[in-house]
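I have placed the structure first, in the form of C-alpha coordinates, so that the comments after it can refer back to it.
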Amino acid sequence: MNPYILATLLFGLGLGTTITFASSHWLLAWMGLEMNTLAIIPLMAQHHHPRAVEATTKYFLTQATAAAMLLFASITNAWLTGQWDIQQMSHPLPTTLITLALALKIGLAPVHAWLPEVLQGLDLTTGLILSTWQKLAPFALLLQIQHTNSTILIMLGLTSTLVGGWGGLNQTQLRKILAYSSIAHLGWMVLVMQFSPSLTLLTLIMYLIMTFSTFLVFKLNKATNINALATSWAKTPMLTALAPLILLSLGGLPPLTGFMPKWLILQELSKQDLAPTATLAALTALLSLYFYLRLSYAITLTMSPNNLTGTTPWRLPSSQTTLPLAISTVATLTLLPLTPATMALLTL
(Lines of atoms letter the chains of each structure in order from A and count residues from 1; the text may use other names and numbers.)
(Lines give C-alpha, C1' and ligand atoms only; values in the text may rest on other atoms or scores of the structure.)
Protein backbone atom coordinates (compact mmCIF):
# COMPACT_ATOMS: atom_id res chain seq x y z
CA MET A 1 0.00 0.00 0.00
CA ASN A 2 1.15 3.53 -0.83
CA PRO A 3 2.75 5.00 2.34
CA TYR A 4 0.83 8.29 1.93
CA ILE A 5 -2.49 6.45 1.76
CA LEU A 6 -1.46 4.29 4.73
CA ALA A 7 -0.52 7.40 6.74
CA THR A 8 -3.88 9.02 5.87
CA LEU A 9 -5.81 5.92 6.94
CA LEU A 10 -3.89 5.60 10.22
CA PHE A 11 -4.44 9.31 10.86
CA GLY A 12 -8.17 8.74 10.23
CA LEU A 13 -8.14 5.85 12.73
CA GLY A 14 -6.47 8.01 15.37
CA LEU A 15 -8.71 11.01 14.69
CA GLY A 16 -11.93 8.96 14.84
CA THR A 17 -10.99 7.51 18.22
CA THR A 18 -9.87 10.94 19.53
CA ILE A 19 -13.16 12.57 18.45
CA THR A 20 -15.14 9.88 20.28
CA PHE A 21 -12.93 10.29 23.38
CA ALA A 22 -13.40 14.07 23.40
CA SER A 23 -17.13 14.21 22.65
CA SER A 24 -19.90 14.82 25.13
CA HIS A 25 -22.58 14.87 22.38
CA TRP A 26 -23.97 11.65 20.90
CA LEU A 27 -23.78 12.86 17.29
CA LEU A 28 -20.09 13.69 17.60
CA ALA A 29 -19.38 10.32 19.27
CA TRP A 30 -21.24 8.56 16.45
CA MET A 31 -19.22 10.50 13.88
CA GLY A 32 -15.94 9.41 15.52
CA LEU A 33 -17.04 5.75 15.44
CA GLU A 34 -17.97 6.06 11.75
CA MET A 35 -14.57 7.59 10.91
CA ASN A 36 -12.94 4.69 12.74
CA THR A 37 -14.87 2.10 10.74
CA LEU A 38 -14.29 3.78 7.37
CA ALA A 39 -10.55 4.20 8.03
CA ILE A 40 -9.91 0.53 8.83
CA ILE A 41 -11.90 -0.92 5.91
CA PRO A 42 -9.22 -0.22 3.21
CA LEU A 43 -6.58 -1.63 5.58
CA MET A 44 -8.61 -4.83 5.92
CA ALA A 45 -9.19 -5.27 2.18
CA GLN A 46 -5.69 -4.23 1.03
CA HIS A 47 -4.55 -7.75 0.03
CA HIS A 48 -7.53 -8.36 -2.31
CA HIS A 49 -7.76 -11.95 -1.13
CA PRO A 50 -11.32 -13.38 -1.23
CA ARG A 51 -11.16 -14.15 2.52
CA ALA A 52 -10.03 -10.59 3.29
CA VAL A 53 -12.78 -9.06 1.13
CA GLU A 54 -15.37 -11.34 2.77
CA ALA A 55 -14.11 -10.39 6.24
CA THR A 56 -14.21 -6.69 5.33
CA THR A 57 -17.79 -6.99 4.07
CA LYS A 58 -18.90 -8.78 7.25
CA TYR A 59 -17.14 -6.16 9.38
CA PHE A 60 -18.71 -3.28 7.46
CA LEU A 61 -22.23 -4.71 7.76
CA THR A 62 -21.99 -5.36 11.52
CA GLN A 63 -20.42 -1.96 12.24
CA ALA A 64 -23.01 -0.19 10.07
CA THR A 65 -25.81 -2.01 11.93
CA ALA A 66 -24.32 -1.05 15.30
CA ALA A 67 -23.83 2.57 14.21
CA ALA A 68 -27.43 2.82 12.93
CA MET A 69 -28.68 1.33 16.20
CA LEU A 70 -26.57 3.83 18.18
CA LEU A 71 -27.89 6.77 16.15
CA PHE A 72 -31.47 5.55 16.51
CA ALA A 73 -31.05 5.15 20.29
CA SER A 74 -29.46 8.58 20.74
CA ILE A 75 -32.23 10.25 18.69
CA THR A 76 -34.80 8.36 20.78
CA ASN A 77 -33.03 9.60 23.91
CA ALA A 78 -33.14 13.21 22.62
CA TRP A 79 -36.84 12.79 21.84
CA LEU A 80 -37.67 11.34 25.27
CA THR A 81 -35.46 13.52 27.48
CA GLY A 82 -34.69 16.58 25.34
CA GLN A 83 -30.88 16.42 25.51
CA TRP A 84 -27.93 14.81 23.70
CA ASP A 85 -25.41 14.63 26.51
CA ILE A 86 -23.61 11.26 26.81
CA GLN A 87 -23.32 11.39 30.60
CA GLN A 88 -26.95 12.37 31.19
CA MET A 89 -28.61 9.17 30.00
CA SER A 90 -31.58 8.69 32.29
CA HIS A 91 -34.18 6.73 30.29
CA PRO A 92 -33.76 2.92 30.38
CA LEU A 93 -34.84 2.27 26.74
CA PRO A 94 -32.16 4.28 24.88
CA THR A 95 -29.55 3.31 27.50
CA THR A 96 -30.20 -0.41 26.88
CA LEU A 97 -30.22 0.06 23.09
CA ILE A 98 -26.94 1.99 23.17
CA THR A 99 -25.33 -0.65 25.45
CA LEU A 100 -26.32 -3.37 22.96
CA ALA A 101 -25.12 -1.31 19.97
CA LEU A 102 -21.71 -0.79 21.60
CA ALA A 103 -21.61 -4.50 22.56
CA LEU A 104 -22.10 -5.32 18.86
CA LYS A 105 -19.33 -2.86 17.95
CA ILE A 106 -16.72 -4.49 20.20
CA GLY A 107 -17.98 -8.07 19.80
CA LEU A 108 -19.46 -9.00 23.19
CA ALA A 109 -21.51 -12.21 23.34
CA PRO A 110 -24.31 -12.88 22.35
CA VAL A 111 -23.61 -10.43 19.45
CA HIS A 112 -20.07 -11.72 18.93
CA ALA A 113 -20.45 -14.08 15.96
CA TRP A 114 -18.83 -11.70 13.46
CA LEU A 115 -15.54 -11.29 15.35
CA PRO A 116 -13.86 -14.74 14.89
CA GLU A 117 -14.93 -14.84 11.23
CA VAL A 118 -13.63 -11.34 10.50
CA LEU A 119 -10.34 -11.82 12.35
CA GLN A 120 -9.71 -15.12 10.54
CA GLY A 121 -9.84 -13.35 7.16
CA LEU A 122 -7.28 -10.66 8.05
CA ASP A 123 -3.50 -10.59 8.24
CA LEU A 124 -1.97 -10.41 11.72
CA THR A 125 -1.14 -6.67 11.62
CA THR A 126 -4.68 -5.57 10.74
CA GLY A 127 -5.99 -8.19 13.17
CA LEU A 128 -3.92 -6.55 15.90
CA ILE A 129 -5.44 -3.13 15.14
CA LEU A 130 -8.93 -4.66 15.15
CA SER A 131 -8.34 -6.45 18.48
CA THR A 132 -6.81 -3.47 20.28
CA TRP A 133 -7.28 0.04 18.86
CA GLN A 134 -10.81 -0.54 17.53
CA LYS A 135 -12.04 -1.46 21.02
CA LEU A 136 -11.02 1.88 22.58
CA ALA A 137 -13.70 4.26 21.25
CA PRO A 138 -16.79 2.09 21.99
CA PHE A 139 -15.28 1.28 25.40
CA ALA A 140 -14.89 4.97 26.22
CA LEU A 141 -18.61 5.42 25.50
CA LEU A 142 -19.60 2.37 27.57
CA LEU A 143 -17.62 3.78 30.51
CA GLN A 144 -19.35 7.17 30.25
CA ILE A 145 -22.95 5.93 30.22
CA GLN A 146 -24.62 6.04 33.61
CA HIS A 147 -26.08 2.54 33.51
CA THR A 148 -29.70 2.51 34.62
CA ASN A 149 -29.96 -1.24 33.99
CA SER A 150 -27.11 -3.03 35.75
CA THR A 151 -28.38 -6.57 35.02
CA ILE A 152 -27.73 -6.29 31.28
CA LEU A 153 -24.00 -5.62 31.81
CA ILE A 154 -23.59 -8.59 34.15
CA MET A 155 -25.46 -10.83 31.69
CA LEU A 156 -23.33 -9.59 28.75
CA GLY A 157 -20.16 -10.09 30.80
CA LEU A 158 -20.97 -13.62 31.95
CA THR A 159 -22.17 -14.71 28.49
CA SER A 160 -18.97 -13.32 26.94
CA THR A 161 -16.62 -15.08 29.37
CA LEU A 162 -18.52 -18.33 28.79
CA VAL A 163 -18.67 -18.05 24.98
CA GLY A 164 -15.06 -16.83 24.83
CA GLY A 165 -13.91 -19.91 26.76
CA TRP A 166 -16.16 -22.41 25.03
CA GLY A 167 -15.70 -21.16 21.47
CA GLY A 168 -11.92 -21.40 21.51
CA LEU A 169 -11.77 -25.02 22.70
CA ASN A 170 -11.82 -26.80 19.35
CA GLN A 171 -10.05 -24.16 17.23
CA THR A 172 -6.77 -24.79 15.42
CA GLN A 173 -6.51 -21.35 13.79
CA LEU A 174 -4.59 -18.88 15.95
CA ARG A 175 -6.56 -15.84 14.83
CA LYS A 176 -9.86 -17.45 15.81
CA ILE A 177 -8.39 -18.45 19.18
CA LEU A 178 -7.32 -14.82 19.71
CA ALA A 179 -10.81 -13.63 18.73
CA TYR A 180 -12.43 -15.85 21.38
CA SER A 181 -9.76 -14.76 23.86
CA SER A 182 -10.74 -11.15 23.07
CA ILE A 183 -14.44 -11.91 23.69
CA ALA A 184 -13.62 -13.51 27.07
CA HIS A 185 -11.41 -10.60 28.19
CA LEU A 186 -14.03 -8.04 27.18
CA GLY A 187 -16.55 -10.04 29.22
CA TRP A 188 -14.37 -9.66 32.32
CA MET A 189 -14.13 -5.91 31.75
CA VAL A 190 -17.87 -5.44 31.29
CA LEU A 191 -18.60 -7.57 34.35
CA VAL A 192 -16.95 -5.09 36.73
CA MET A 193 -17.62 -1.90 34.75
CA GLN A 194 -20.48 -0.50 36.84
CA PHE A 195 -18.77 -1.23 40.18
CA SER A 196 -15.27 0.02 39.42
CA PRO A 197 -14.70 1.83 36.09
CA SER A 198 -11.01 2.37 36.98
CA LEU A 199 -10.56 -1.40 37.36
CA THR A 200 -12.16 -1.89 33.92
CA LEU A 201 -9.66 0.58 32.49
CA LEU A 202 -6.76 -1.28 34.15
CA THR A 203 -8.02 -4.60 32.71
CA LEU A 204 -8.29 -3.00 29.26
CA ILE A 205 -4.68 -1.73 29.43
CA MET A 206 -3.42 -5.16 30.54
CA TYR A 207 -5.42 -6.83 27.77
CA LEU A 208 -3.93 -4.45 25.18
CA ILE A 209 -0.36 -5.19 26.34
CA MET A 210 -0.85 -8.98 26.38
CA THR A 211 -2.66 -9.12 23.02
CA PHE A 212 0.01 -6.90 21.45
CA SER A 213 2.71 -9.35 22.61
CA THR A 214 0.78 -12.39 21.37
CA PHE A 215 0.11 -10.96 17.91
CA LEU A 216 3.75 -9.88 17.53
CA VAL A 217 4.99 -13.38 18.47
CA PHE A 218 2.71 -14.95 15.85
CA LYS A 219 3.72 -12.31 13.29
CA LEU A 220 7.43 -12.90 13.87
CA ASN A 221 6.92 -16.65 13.35
CA LYS A 222 4.50 -16.05 10.43
CA ALA A 223 2.22 -18.52 12.23
CA THR A 224 -1.52 -18.67 11.60
CA ASN A 225 -2.29 -22.15 12.94
CA ILE A 226 -1.11 -24.43 15.75
CA ASN A 227 0.96 -26.56 13.36
CA ALA A 228 3.02 -23.56 12.26
CA LEU A 229 3.71 -22.72 15.90
CA ALA A 230 5.05 -26.23 16.47
CA THR A 231 7.81 -25.62 13.89
CA SER A 232 8.82 -22.26 15.35
CA TRP A 233 11.43 -23.73 17.72
CA ALA A 234 13.83 -24.17 14.80
CA LYS A 235 13.52 -20.52 13.73
CA THR A 236 13.28 -18.56 16.99
CA PRO A 237 14.18 -20.79 19.97
CA MET A 238 14.25 -17.96 22.54
CA LEU A 239 10.90 -16.59 21.43
CA THR A 240 9.47 -20.12 21.43
CA ALA A 241 10.48 -20.41 25.09
CA LEU A 242 8.72 -17.13 25.95
CA ALA A 243 5.57 -17.70 23.86
CA PRO A 244 3.93 -20.18 26.31
CA LEU A 245 4.51 -17.72 29.15
CA ILE A 246 2.82 -14.94 27.16
CA LEU A 247 -0.14 -17.25 26.44
CA LEU A 248 -0.42 -18.31 30.08
CA SER A 249 -0.34 -14.64 31.08
CA LEU A 250 -3.34 -14.13 28.77
CA GLY A 251 -4.96 -17.07 30.56
CA GLY A 252 -4.35 -15.38 33.93
CA LEU A 253 -1.92 -17.68 35.75
CA PRO A 254 -0.54 -16.26 39.04
CA PRO A 255 3.12 -15.31 38.68
CA LEU A 256 2.33 -13.43 35.44
CA THR A 257 0.75 -10.03 34.72
CA GLY A 258 -2.56 -11.49 33.46
CA PHE A 259 -3.43 -12.69 36.95
CA MET A 260 -3.66 -9.14 38.34
CA PRO A 261 -6.88 -7.93 36.61
CA LYS A 262 -8.69 -11.26 37.17
CA TRP A 263 -7.75 -11.29 40.85
CA LEU A 264 -8.88 -7.67 41.40
CA ILE A 265 -12.14 -8.22 39.47
CA LEU A 266 -13.03 -11.34 41.50
CA GLN A 267 -12.23 -9.40 44.68
CA GLU A 268 -14.45 -6.47 43.61
CA LEU A 269 -17.34 -8.77 42.65
CA SER A 270 -17.11 -10.49 46.05
CA LYS A 271 -17.21 -7.08 47.77
CA GLN A 272 -20.42 -6.29 45.88
CA ASP A 273 -22.11 -9.48 47.24
CA LEU A 274 -21.90 -11.14 43.84
CA ALA A 275 -20.06 -14.30 44.93
CA PRO A 276 -22.04 -16.60 42.54
CA THR A 277 -21.18 -14.31 39.60
CA ALA A 278 -17.51 -14.29 40.65
CA THR A 279 -17.53 -18.10 40.92
CA LEU A 280 -19.05 -18.47 37.45
CA ALA A 281 -16.52 -16.04 35.97
CA ALA A 282 -13.63 -17.92 37.60
CA LEU A 283 -14.93 -21.23 36.21
CA THR A 284 -15.23 -19.81 32.69
CA ALA A 285 -11.61 -18.60 33.01
CA LEU A 286 -10.64 -22.28 33.29
CA LEU A 287 -12.14 -22.90 29.84
CA SER A 288 -9.96 -20.15 28.37
CA LEU A 289 -6.94 -21.46 30.25
CA TYR A 290 -7.43 -24.87 28.61
CA PHE A 291 -6.90 -23.61 25.08
CA TYR A 292 -3.91 -21.45 26.08
CA LEU A 293 -2.42 -24.57 27.68
CA ARG A 294 -3.15 -26.47 24.47
CA LEU A 295 -1.19 -23.89 22.48
CA SER A 296 1.64 -23.95 25.03
CA TYR A 297 1.74 -27.75 24.80
CA ALA A 298 1.93 -27.58 20.99
CA ILE A 299 4.80 -25.08 21.15
CA THR A 300 6.95 -26.71 23.82
CA LEU A 301 6.18 -30.41 24.09
CA THR A 302 5.46 -31.58 20.54
CA MET A 303 7.57 -32.01 17.45
CA SER A 304 5.73 -31.01 14.31
CA PRO A 305 5.09 -33.88 11.87
CA ASN A 306 5.73 -31.50 8.94
CA ASN A 307 9.51 -31.58 8.94
CA LEU A 308 9.84 -32.26 5.21
CA THR A 309 11.83 -29.74 3.21
CA GLY A 310 8.75 -28.86 1.17
CA THR A 311 6.75 -27.65 4.16
CA THR A 312 9.50 -26.03 6.24
CA PRO A 313 9.16 -22.23 6.05
CA TRP A 314 12.11 -20.27 4.75
CA ARG A 315 14.53 -19.53 7.56
CA LEU A 316 15.62 -16.11 6.44
CA PRO A 317 16.48 -13.52 9.09
CA SER A 318 13.35 -11.54 9.94
CA SER A 319 13.19 -7.90 8.92
CA GLN A 320 10.73 -7.13 11.72
CA THR A 321 11.92 -4.87 14.54
CA THR A 322 11.86 -6.77 17.82
CA LEU A 323 12.05 -3.86 20.28
CA PRO A 324 8.23 -3.41 20.61
CA LEU A 325 7.91 -7.16 21.17
CA ALA A 326 10.68 -7.10 23.82
CA ILE A 327 9.06 -4.22 25.74
CA SER A 328 5.54 -5.65 25.60
CA THR A 329 6.77 -9.15 26.56
CA VAL A 330 8.52 -7.80 29.67
CA ALA A 331 5.28 -5.99 30.59
CA THR A 332 3.21 -9.13 29.87
CA LEU A 333 5.33 -11.30 32.15
CA THR A 334 6.52 -9.13 35.04
CA LEU A 335 3.95 -6.52 36.13
CA LEU A 336 2.27 -8.59 38.86
CA PRO A 337 4.51 -7.25 41.70
CA LEU A 338 3.20 -3.75 40.89
CA THR A 339 -0.31 -4.74 42.03
CA PRO A 340 -0.14 -2.77 45.35
CA ALA A 341 0.89 0.39 43.46
CA THR A 342 -1.92 -0.22 40.95
CA MET A 343 -4.48 -0.64 43.75
CA ALA A 344 -3.26 2.61 45.35
CA LEU A 345 -3.80 4.37 42.00
CA LEU A 346 -7.26 2.80 41.64
CA THR A 347 -8.39 4.14 45.01
CA LEU A 348 -7.28 7.73 44.30
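The first residue you see is number 1, and the count goes up from there.
Cβ from N, Cα, C; glycine included.
Keep in mind that TrEMBL annotations are predicted by a computer and have not been checked by a curator.
As written in TrEMBL, here are the features:
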- 23-285: domain 'NADH:quinone oxidoreductase/Mrp antiporter transmembrane' (DOMAIN)
- 60-80: transmembrane segment (TRANSMEM)
- 92-115: transmembrane segment (TRANSMEM)
- 151-170: transmembrane segment (TRANSMEM)
- 177-195: transmembrane segment (TRANSMEM)
- 201-221: transmembrane segment (TRANSMEM)
- 233-254: transmembrane segment (TRANSMEM)
- 274-293: transmembrane segment (TRANSMEM)
- 289-342: domain 'NADH dehydrogenase subunit 2 C-terminal' (DOMAIN)
- 323-346: transmembrane segment (TRANSMEM)
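A Cβ distance under 8 Å defines the sequence-distant neighbours of the transmembrane segment (201-221), meaning residues of its chain 6+ beyond its ends; these are 124-125, 127-128, 131-132, 135, 139, 143, 174, 178, 181-182, 185-186, 188-189, 192, 228-229, 232, 235-236, 239, 242-243, 246-247, 249-250, 257-258, 260-261, 264-265, 318, 320, 322, 324-325, 328-329, 331-332, 335, 342, 346. Computed over the domain 'NADH dehydrogenase subunit 2 C-terminal' (289-342), the whole-number mean pLDDT of the model equals 80. Non-local neighbours of the transmembrane segment (177-195) in the same chain are 103, 106-109, 112, 115-116, 118-120, 127, 131, 135, 139, 142-143, 147, 150, 153-154, 156-165, 167-168, 171, 203-204, 207, 211, 214-215, 250, 261-262, 265, 268-269, 271-272, 277, 281, 284-285, 288, 291-292, 295; each lies 6+ residues outside the stretch with a CB under 8 Å from one of its CB atoms.
Sequence-distant residue pairs (6 or more apart) of the transmembrane segment (323-346) and the transmembrane segment (92-115) include fewer than 3 whose Cβ atoms are under 8 Å, leaving the two stretches without contact. Pairs of Cβ atoms less than 8 Å apart link the transmembrane segment (233-254) most often to 274-293, out of 60-80, 92-115, 151-170, 274-293. When Cβ-Cβ distances below 8 Å are used as the criterion, the transmembrane segment (151-170) is approached by residues 96, 99-100, 103, 108-110, 112, 116, 176-177, 180-194, 274, 277, 280-281, 284-288, 290-291 of the same chain, each at least six residues removed from its ends.
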